[in-house]
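Heads up: the structure comes next, in structure tokens.
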Amino acid sequence: MAKVLVLYYSSYGHVETMAQQVAEGAKSVPGVEVTLKRVPETIPADQAKAIGIKTDQAAPVATVDELADYDAILFGTPTRFGNMAGQMRTFLDQTGGLWMKGALVGKIGSVFASTGTQHGGQETTITSFHTTLLHHGMVIVGVPYACSGLVNMNEITGGTPYGATTLAGADGSRQPSANELDIARYQGKHVAELAVKLAS
């Protein structure tokens, strides 16, 4: 049984929605156990409430040490100036002990993201995230062009060969589109299929 973790940070629910669909895609693969978790919020509760952070998310909070228990991890993050969110960075900066033990070497790592605007740094967020995963010796997996949603030219949409993405809009009012959610499910399924092969 291959074990897959979908681990995310979401400020306003967009990445949470994407993470749920990534998990659904992974669950569609036989022989896979899927866990959905989030990283801790680092903004003080009163400040988070004041700026509308979505704190009522059902996914439990992950611990750093449990990352070693999985065969594949799909990481989800909003972008912050072309990089991962600080909450995800803070979590990953605590993985030095895992790095020392080589605990993540050979495991699959994959990334999906959200930006406020069409050109808001989706691809750089994902590719800069890959640097951390490569330092851990993880095997990077994206979304191949076998996923038809990547070539959808009929609408403004997220989705890259580096990973699924969504556009939240500058005010956060835009929700993930059907095409973006399809790509998210594809990514989860694709990673899970590869995890089964590696685990066997």
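Every residue gets a Cβ built from N, Cα and C, even glycine.
Quick look at what Swiss-Prot lists:
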type	residues	note
BINDING	10-15, 79-81, 114-120, H135	FMN binding site
BINDING	Y12	NAD(+) binding site
BINDING	W99	substrate binding site
DOMAIN	4-191	domain 'Flavodoxin-like'
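Secondary structure at the residue listed as 'substrate binding site', taken from DSSP and collapsed to helix, strand or coil, is helix. Candidate binding-site residues: S10, T79, S114, T117. Fewest other C-beta atoms within 10 angstroms, T117. Residue density at W99 (substrate binding site): 14 other Cβ atoms are found within 10 A of its Cβ, drawing on all protein chains shown.
Mean model confidence for the domain 'Flavodoxin-like' (4-191) is a pLDDT of 97. When secondary structure is read from DSSP and collapsed to three states, S114 (FMN binding site) falls in the strand class. If you measure from the Cα atom of the residue listed as 'substrate binding site' to that of T117 (FMN binding site), you get 34 Å. Under the DSSP three-state reduction, the residue listed as 'NAD(+) binding site' is assigned to coil, being neither helix nor strand. Each of the binding-site residues G13, G120 was ranked by the number of other C-beta atoms within 10 Å, and first place falls to G120.
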